[in-house]
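Q: So Swiss-Prot lists the following for this protein:
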type     : residues                               : note
ACT_SITE : 196                                    : active site, proton acceptor
BINDING  : 16, 17, 37, 111, 144, 260, 284, 286    : NADPH binding site
BINDING  : 111, 140, 142, 196, 249, 259, 260, 261 : sn-glycerol 3-phosphate binding site
């Protein structure tokens with residue numbers, strides 16, 4: 001195995017998805033350091049050799065090492081994979097900026113938009129770090145538990161640097177379980193991963209109200225159209241939204257109850273408040289925050305996104321689920 005393949009990786013973020021990606025990398029034979037912002041919890045992970053809070057009974061591979069010191073976590077590697085909630089993405093970049101050297105390369109698997117602005121995370125990264133570091137994004141239909149268990153999974157990888165993309169594809173890709181597709185459309189890959197969370201809330205609301213499979217499928221289909229329109233306004237490639245980071249992630253998130261966003265929507269459709277639903281889920285529901293950012297971005301771009309708009313009205317303006325459904329179903333007749 002060449003040095004390119006065996007170079008170590010640091011994963012920043014020890015939640016379910018960050019841990020799962022660290023497990024997948026380590027299982028593939030690469031020295032992997034996993035860092036989290038709470039040293040006492042990282043000490044438990046190091047002792048138990050698993051993340052029982054998020055991925056119980058899935059043992060860490062020998063190549064996975066817990067690192068609670070951020071300085072060391074950055075100093076030991078060239079390649080950094082950030083897997084934190086979108087609302088702290090900028091904070092993590094600000095933390096690591098003084099620790100970076102010219103050789104570092106940054107990738108993230110965070111799905112979302114910048115809080116209160118709707119900006120793509122690539123824009124945030126370039127604003128904080130400048131343009132001297134190769135950047136990449138990993139996105140697609142991946143539930144953390146299945147990935148950590150080694151079940152077959154496929155994902156998309158896009159980068160500003162073709163060499164970085166090629167090397168990370170070869171490092172992550174595992175012919176037995178984890179397939180990585182390269183995509184040169186960073187805008188589309190980021191956008192698909194963020195907006196699908198909002199549509200998944202809508203699908204959950206629909207199912208929670210008992211509207212059935214026909215309505216769910218219509219929401220997914222029209223949701224994809226909304227994502228594609230927004231992507232076109234930002235210069236994304238329309239083909240991206242038919243791939244892993246678009247349709248793939250959208251279908252997965254809208255149809256399986258492993259999705260926090262879908263479960264959140266289900267509870268809303270059943271009459272629970274947003275606060276009650278989030279408390280019951282007990283983890284970050286990215287789509288709750290992404291809804292506001294997606295709505296802001298659509299307004300900025302002048303793009304019509306009725307599903308996103310109605311979910312925004314429900315979450316942030318007090319509109320109830322029945323009125324949301326009535327508004328969507330009562331829209332004027334139009335061509336597809």
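A Cβ is built for glycine as well, from the same backbone N, Cα and C atoms used for every other residue.
I'd like to know what surrounds each of these features in this structure.
A: Of all the Cβ atoms in the protein chains shown, 34 others lie within 10 Å of the Cβ of residue 196 (active site, proton acceptor).
Counting only same-chain residues six or more apart in sequence, the Cβ atoms lying under 8 angstroms from the Cβ of residue 144 (NADPH binding site) belong to 16, 17, 19, 20, 54, 55.
All protein chains shown were included, and the count of other CB atoms within 10 Å of the CB of residue 249 (sn-glycerol 3-phosphate binding site) stands at 28.
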Q: So for residue 111 (NADPH binding site), how many other CB atoms are inside 10 Å of its CB?
A: 30
Q: Counting across all protein chains present, how many other Cβ atoms fall within 10 Å of the Cβ of residue 284 (NADPH binding site)?
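A: Other Cβ atoms found within 10 Å: 17.
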Q: Near residue 286 (NADPH binding site), meaning Cα within 10 Å, which of 140, 142, 249 (binding-site residues)?
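A: The binding-site residues close to residue 286 (NADPH binding site) (Cα within 10 Å) - there are none.
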